[in-house]
Amino acid sequence: MGTDKQSVGLLDTLNMETVRTILTHTYPYPHEHSRHAVIAVVVGCLFFISSDNLHTLIQKLDNNIKWWSMYGCLLGFFYFFSSPFIGKTIKPSYSNFSRWYIAWILIAALYHLPSFQSMGVDMRMNLSLFLTIYVSSILFLLVFHIIFLGLWYVGLVARVAGKRPEILTIFQNCAVLSIACCVFYSHCGNRAILRDKPLERRYSGWFALWKKEERNTWLAKFLRVNELKDQVCSSWFAPVGSATDYPLLSKWVIYGELACNGSCAEPSNGISPIYSLWATFIGLYIANYVVERSTGWALTHPQSVKEIEEVKKKQMKPEFLDMVPWYSGTSADLFKTVFDLLVSVTVFVGRFDMRMMQQVGPWKLLLGPTILRFDDDSYGFNTVERKKVYYAPLYVLTKFSSFFLALIHQAAMTKDDLLYDQFSEKDDLWFDFMADTGDGGNSSYSVARLLAQPSIQIRNSDSVLTLPRGDLLLIGGDLAYPNPSEFNYERRLFRPFEYALQPPPWYKEEHIAVNKPELPSGVNELKQYDGPQCFLIPGNHDWFDGLQTFMRYICHKSWLGGWFMPQKKSYFALQLPKKWWVFGLDLALHCDIDVYQFKFFSELIKEKCILFVLLVQLSSVTSFQVGEDDSVIIVTHEPGWLLDWYWNDVTGKNISYLIRDHLKGRCKLRMAGDLHHYMRHSYVPSDKPVYVQHLLVNGCGGAFLHPTHVFGNFNKLYGTAYESKAAYPSFEDSSRIALGNILKFRKKNWQFDFIGGIIYFVLAFSMFPQCKLDHILQDDTFSGHLRSFFTTVWDAFMNMLGYSFVSSAGAMLLLVAAITFVPSKVSRKRRAIIGILHVSAHLAAALILMLLLELGVETCIRHKLLATSGYHTLYQWYRSVESEHFPDPTGLRARIEQWTYGLYPACIKYLMSAFDVPEVMAVTRSNICKNGMHSLSRGGAIIYYASVFLYFWVFSTPVVSLVFGSYLYICINWLHIHFDEAFSSLRIANYKSFTRFHINSTGDLEVFTLAVDKVPKEWKLDPDWDGEPKQSQQPNHLREYPSKWRAASYQQDPVNTVRIVDHFVIEQTQNSDLGIING
């Protein structure tokens, strides 16, 4: 028995699946290795830099302030460009591309400046060496990967190797490897080490640091740390042996440079330490790749199966999407949203309305070519065909009772598609309302997790208030952003809710509900189901595709996570206990209900309905009718009362007519979303009629935050005065949050670089190059420099208006776009003024950046740091010193050039030219200034403007974000416009809330609004959920811990941080009297 157990454990340990998951990478191989290599290179740089004598470095500093000011400008612009990506994990993405892009053009600019040369650092050799090693490494690794994939294809290596390596990963590893070799060369050189001492003596100096008798010399050793550096270079990283020790490799290596005074008697015989280091790195990469891809084993210590499972659980994280980047210039999803919106507005609105297609009226039954209509005056049925009317008196029912009874049942069944009464017989009811979910996964799941809890306990002063989970969940539209695609519905809506409360075990994601409600087994009617239910109305974002996705995922599916969805149409009426009703209205893109909805709800409110009498008498169908003492809650997506006041418009005329002329004061509460904040306005008692007591907006279900201070002055609806009772966030906090547009716009919207950089380049395009800058450089005073500088900016602006084509056309298009961008609530004159000021700020910034770039290039040209020889300056210099520093007595380089038909040196040559962007820009600029723009060929013009763009883009992107963010801040806080644009840019996931209602035994409606100030960003598997016993057929809403994930920090979990931000009570109507109690 013991032997069997032991053997099973051994097999488990050696199981292939276990072996493959021994080291779980945060990102796929080999990004983790790249990050470790980067860390090692950075540590090595710091060590070697600190090893130089600080006093010597200070003596070598250049005292010319203009060069150091140029350094400051360069480093400042490059820092602000790369700041959004600092701290992010290195992986193939725009973030990673920006890192390498910044490193490329920053180093290409810095190595031309004189201060490094004054400190004794010649970066030309390091750059040349880096590019040479980089090309060699890429070619070598590409050949290796091709051979390895070929071996996998023929079956000589294991199937684990089948995953192809990413080409960007190879480039990244080669770059890190090349940087490491260059760091070593810059501090250790390529000297061949002559070994005339025993090997064991090499470490005596280093280990002397640890001897007790020499501890008193540590300070002296530290002050002479450069001696330690020499020991590291000559001992640790020196190649083992010489070329004569490896006869087979003697013709395939690069040799080291001999350190001897005068001419050396013999050629170098020692292997180059650079070559040795490169070969070591390449060998380690290949070894690790082969071992891991062939067997699944990484170079790490294996763990047991139990330890692996524990590690996997700790590393498990939910697959949440980020907040939608509304200012992304590269998002195909946003372009699709704009296209769908244009198509929906111009084609479908008013022509193909899904609400009309859903309408199967309860009063009209289509029977082939005829329509049977009930006549209220004669208590009979009229058959309408074309223009003829055939009367069917009531006594016909006695002769064809079964036929007409079936028609009446069909009418009742049709009405069941819109009207639900499963909650009407309860003694009390808890239900929830949320809206505008389906944006960021963290925020949507935070709200869904609170909704799913069996109860929420909130400490209120000295007591603890327990709020049970709602039996009903109302969602007020905008279920997924930015458009209602299948991907967004599944990932942004369904996934957070399924994590919060899982669907039943028999649920299938691909299932289509044809005959709703599809009740669970053992439940005969909807009233018997005791689990939470959900009803939803569509928002404007759900209508972008004509409501197709909403119909497929809401009206033809039965489960939203663990919430049961009996809903069949996009609008509905719910009869609740104690004479309470909920009307869920579908506004589509019209901001109003259509005539079919109006007919349905208005006839539901009618005082007398003859057909209902027949239904009750003949078929025992329950009578659905809003009584005189009943109370109604109207749910819409858009808060028309706030938006009409803000835009000075009048919308929702059908809704207003329904409320004022049909409900006549029975509407106690209007709820809406669309605005992603919480606000409640209550009526001010007066002698005027009150059609709606409370107006409530709560769109904090998961989408980005909207401001509240913009709507603080709303005070009237239907002639009744209202006052603000609650706002979340507060008006002061809302105004303070808007400041983030200045400080965080680019950090939140770095995808805007693509648009902003191109706009600025177009504005300054015709101004390149500026050849006459002598007057700026020749002024003696700082004020003179500034005066000449801004005079040149103004001259460039006038020149652009008078002579340029591209820049002036770009400026005019930008002006039209800026004026159009200003909201229509502003007068035309103010819109023009705001647009002109906005464009003027951008144009001035673009011209200033253009002139700064031109001044930098002109200064370097005047000091002969640029444009000294030609496009291939760096390559020509490297070839002149290559044989001296990297001896090649066996002719290896010549053989490689012959074998590659000259491709290898050509690649290095043109790569060096492409790398040296400032030299290319300066040489072409000098040619233009001497011979004119016409002297350039089309290819030369493309090369020049491309080289300018590479630097101008880095300079302009932080500035355009700063100017645009400042514009949004001024508009939202001073002018109270752009409330949507100014806060969607911030992508704030915090300040989330939902509203919980309770119809108590006395018929009063208690209202609690629960909020979470800070949404967690990190989640982990909830051990309580994982450890709770699971029964195969048990509904998940009966679980004590229904949610799968909890916050990584227990104190930040929404269950522990939720609080009440508003509480009030609406009294039940008694004899048509209105009553209100404010909590």
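Along the chain as shown, residues are numbered 1 onward.
In case you wondered, yes, glycine gets a Cβ from its N, Cα and C as well.
TrEMBL entries are annotated by machine, without manual review.
As recorded in TrEMBL:
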DOMAIN    433-649  domain 'Calcineurin-like phosphoesterase'
TRANSMEM  37-55  transmembrane segment
TRANSMEM  67-86  transmembrane segment
TRANSMEM  98-116  transmembrane segment
TRANSMEM  128-155  transmembrane segment
TRANSMEM  167-185  transmembrane segment
TRANSMEM  750-768  transmembrane segment
TRANSMEM  800-822  transmembrane segment
TRANSMEM  834-853  transmembrane segment
TRANSMEM  942-970  transmembrane segment
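Sequence-distant neighbours of the transmembrane segment (942-970) (same chain, 6+ residues past either end, Cβ-Cβ under 8 Å): 77-78, 80-81, 83, 102, 105, 109, 738-739, 741-746, 749, 752-753, 756-757, 759-761, 764-765, 768, 838, 841-842, 845-846, 849-850, 852-853, 917-918, 920-921, 924-925, 928, 936, 978, 981-982, 985.
For the transmembrane segment (128-155), the most Cβ-contacting stretch among 98-116, 167-185, 800-822, 834-853 is 167-185 (pairs under 8 Å).
Same-chain residues lying 6+ beyond the ends of the transmembrane segment (800-822) with a Cβ under 8 Å from its Cβ atoms: 759, 762-767, 830-832, 834-836, 838-839, 842-843, 847, 977.
The predicted model assigns the domain 'Calcineurin-like phosphoesterase' (433-649) a mean pLDDT of 89. Residues 73, 759-760, 763-764, 767-768, 770, 789, 792-793, 796-797, 800, 811, 814-815, 818-822, 826, 948, 951-952, 955-956, 959-960, 963-964, 966-967, 971, 975 of the same chain, all 6+ positions outside the transmembrane segment (834-853), place their C-beta atoms under 8 angstroms from a C-beta of that stretch.
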